[in-house]
Every structure is written in structure tokens, then in C-alpha cells.
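> Sharing the feature lines straight out of TrEMBL:
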type	residues	note
DOMAIN	A:17-81	domain 'RNA polymerase sigma-70 region 2'
DOMAIN	A:188-289	domain 'DUF6596'
Amino acid sequence: MNQGNSFRTELLPHLFRQEYARMTAVLCRHFGLKHIEVAEDIASETFLKASELWAVNGVPENPSAWLYTVAKNKTRDYLKRVNIFETQVRGEFERDTPQIEPETDFTPQTIADSQLAMIFAVSNPDNPGESQICLALQILCGFSIEEIADAFLARKEAIKKRLFRARASLRKNEFQISQLQETVVKSRLDTVLRTLYLLFNEGYSSRSNNHLIRKDLCAEAMRLALVLIENPLTNTTRTNALLALLCFQSSRFEARLDAAGEIVLYEEQDKSLWDQELIDKGNYYLVNACSGNEISKYHLEAGIAYWHTTPAEVDKWLHVLSLYNQLILIEYSPVTALNRAFAFAKVHGNEQGIKEAEKLNLNENNYYHSLIGYLYVAINIDKAIIHYRKAIELTKSPAERKTLTRELERLILRQG
Amino acid sequence: MKEFVLIFRLNNHSDFKPSPEQMQERMNWLGSIAAQNKLADQGNTLSSVNARTVYPDNVVTDGPYTEIKEFVSGYIIVNTETIEEAVELAKANPIFKIGGNIEVREVMVRRSGL
């Protein structure tokens, strides 16, 4: 038994996130998406009961099993109540309560299947990207509205609004969650992968200063990607490429922030902090990803991330540039264009890199100015300073502003 | 924004195989246009081997050659405000190093009913 207060601050929030999402997924599959609130209520009540009882009696040996038993009983009670209401109170009124088996089961297989189905239910191509991630965070990852607001640096009200719309479309969508059909998998897998990709990016390059939340976002994206890998229907080369990308990126998670929470530039990172285990996993999934003929944007990004785990290779930047050339053909984005310009400078020198970057016409983009500023440092320090100033003016991220200001001060000192 | 087709023409080099460096240069050129968000269609390379030219009266000859021994090797479509801008993009293409040339033509959008 685990007495004391630590469960309130550590164990319970962790368990809550992990098990709440699983429980909701299983119950939702049981009741149907129309009744997602019922599923969430049962899950919430279960956790309320846990927090009350565990505070007095201590945490049971197997907390998850305990939670599932309580959830199972609550489900049975709910269905009994509904049934009494249906037969004795409401009588001949039209029934729209779920017609389902009274027993839920929480075997590992059911949990895995339910979670997979839930990922697909949430990934509706009609929802805008940002609501998509909010919904995924709430339903798939068990994040509270405060935590989501923190991750997005948005106000709680704004997140609530976003969730409200997304949840309404989830209920109305009539997505068949009970059995995941192959046709649905085919038509929605791309949206699913995109959702996980955005989820990860939200954590990796988040506007939030909350290091823990950011790490959780990344970990959740990887966990969900792993759920896809474990099912033959969704274990495609594209899925493997995405997971490889997430592994490679995560391997540098600890190295890219210093003790004060400031961003450490790639070239200044302590490479001993790179997580070799994640790099190995990335390699494994990248090999799987390359077993077919397909080259998706995830393949290319995973390829680029792979090269970034190899600090000293001779032709590294040539490979990286070539991958960026292909990536920008698949999908234009200012970030890709700027990263490509950086790789171009690495291959052809800073002067050529500046010319290439200046063609991009991204004057209002803070990364554009920090890139050009960086490239100018060795060539023309006055111009470098002008661009760094512009970047500081444009950036919205406090962490980045700090890093850029530090750089700017160094340049001003050197300028003398 | 208007669309312009860049048509690549090479001299009679049907067995021409670009070196890895030349490929790289070409990819850099294409990547650069895409990075400026001016690529409307990355187009295609046209085969110089599996090619026939069809003339009146069922006359069919081998090859893509026109009389001046030049053939179209491929095309892409760019998105720019003016033809001058499209010409500037074309100027950076490495095709000139191997004796080729590029024709720039505005795409005339068909209006319905005409």
C-alpha cells in the first residue's frame, strides 16, 4: 500500500490521463459515439471514487484493475437505471438510449481495439487542424481543458468553444465506432497520421513554456502511433515513417532545452544527451517504412531527422538538401522552405544560402529573419543585427525571444 | 497570378544520361521554385526513346524529333505575376550548360462557352 499525499500529486494525474482515455474509448465503443457524455461521466465518477477512497485506504495493489472493476460496475448500474426508466417510467416513449450488452470488458485486446477505433472517430477530415488536436488531447489523451489551454497558450474559453464544435460534429458524424472497417481505415488514415503529427509538433515546438506538458504531448503522439503500428490494418509504411520521425525527433528532446528552459541550437547541443534508444527505435521503424515503394512526406521528414542523428557524416547536408528538395515538391510550407535554405547554405556556403533565402519572400516571418541573420553573422555583422532585431520583433514565443536576444547581445559586443 | 509552362528542349541527345551532379543541380533548381511557392505543377520528363511522330496519311516515324533536331525533354508549370518573373526562374536552370533551351509560354485559360 502506498500511503501519503504523493498519489494526489503524482500517481493520480498520471493514471488519470492514461486510464481515463482508455476507459472512455472502451465505453464509447460500447455505447456508441452519440453517448460519449455517458462514457465520460462513468469514467469521471470512477476517478472521483478512486480519489476519495484511495486518500483514506491507500492505493490498491493494481490501481488500473481496480479502476476497471469500478467502471464495469458503474456501467452495469447505469444500464440497469436506464432500463428501469425505459420500462417503468417512460413506457411507450420513443427510445433513444443505447441498446447494448450489459457487460463491458477491459481486456488488453478490447482496450487496444477501442483506442484505435477512437483515434479514427476523432480524426474527422472536416474538422480544422487545431480543433482536431484539441479533441485528440481531450478524448484520446485525457487532458483537462486547463492543460490544453496551457499547451496552446490560449484562453480556456477559446478551447472550450473549439471543443464544443468538434464534439458536436463527432456526435453527429454517425461514425461507426463498434467495428473499424477497412474502407474507413483507408479513407481516414491520412487524417489520423496528420493529427498525430500535429499533436507531436504542438509539443515539440510548442508556444507553451510548460516543459512537462510539452513532453507529454510528444509522448502521447508516440503512444498513439504505436497503437496504429500494433494493428495490421493500420501498420502501413507511412505509419512506420511517421513513428520513425517521432522517435528521431524525441531523441533530442532533453538536449534541446537547457536548465533554464531556453532553446539550445542544434549545433550547440550536448550530443551525449541524445537518447540512443530512441534513435535505434527510429532506425527500426525507418527500415520498416522503406519496405515498400511509397515515399510520403513522413518518409522524407524521417530521412531528414535520421541525418540529424548523425553529427559527423561527410555528405550529410547534401543528403538533407536533396530530401528537402523532394519534401518541398510534395507540400509547400514556409518552415520547409526556410529549412531547405539552411541546408542549401550548409552545402553551397552562406552567401549562396542568403541569396536562396532572400528569394522566399517571407518578410513577415520571424524564422526568415533569424535564418538570414544567422547566415550573415560571418559575412556582415551589421546586417546580421538588423535581421536578428526584426526576428525578435516578430516572434511570439518567449523562449525564442530569449534565445535571439542572447545572440543579439553577443553580436553587439562583437561589433564593438 | 498567371500560369506559365516552361518547356525544356534538348538537342539530339537521345542517349543523354545526366550525371548525379547534374541531377542534383536540377533538383535544387526545382526545389528553389517550389520553396518560393511558385510551382504550379512539377510536370514530367518526356521519353526520348519511346516516341513516335505521326504525320498525315498514316505516316509514323520513330522519335520525337522535329526537323531542327531538337526535342522536347519535359515541362513544368510555374505560378508568377508576370512572364518576366517566369523567365527569371528559367534562367537559373542548368539545362543551358548542356546546350538546351527553355520556352516560356503563358497558359491561356479557356473560358467556358467559348
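Each residue's number is its place along the chain shown, starting with 1.
Even glycines carry a Cβ here, placed using N, Cα and C.
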> Taking all residues of the domain 'RNA polymerase sigma-70 region 2' (A:17-81) together, what is their mean pLDDT?
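Overall, the domain 'RNA polymerase sigma-70 region 2' (A:17-81) comes to a mean pLDDT of 86.
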> Determine how many residues of the domain 'RNA polymerase sigma-70 region 2' (A:17-81) DSSP places in helix, in strand and in coil.
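Going by DSSP assignments, the domain 'RNA polymerase sigma-70 region 2' (A:17-81) contains 59 helix, 1 strand, 5 coil.
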> Which numbers of helix, strand and coil residues does DSSP report for the domain 'DUF6596' (A:188-289)?
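Counting residues per DSSP class in the domain 'DUF6596' (A:188-289), I get 70 helix, 2 strand, 30 coil.
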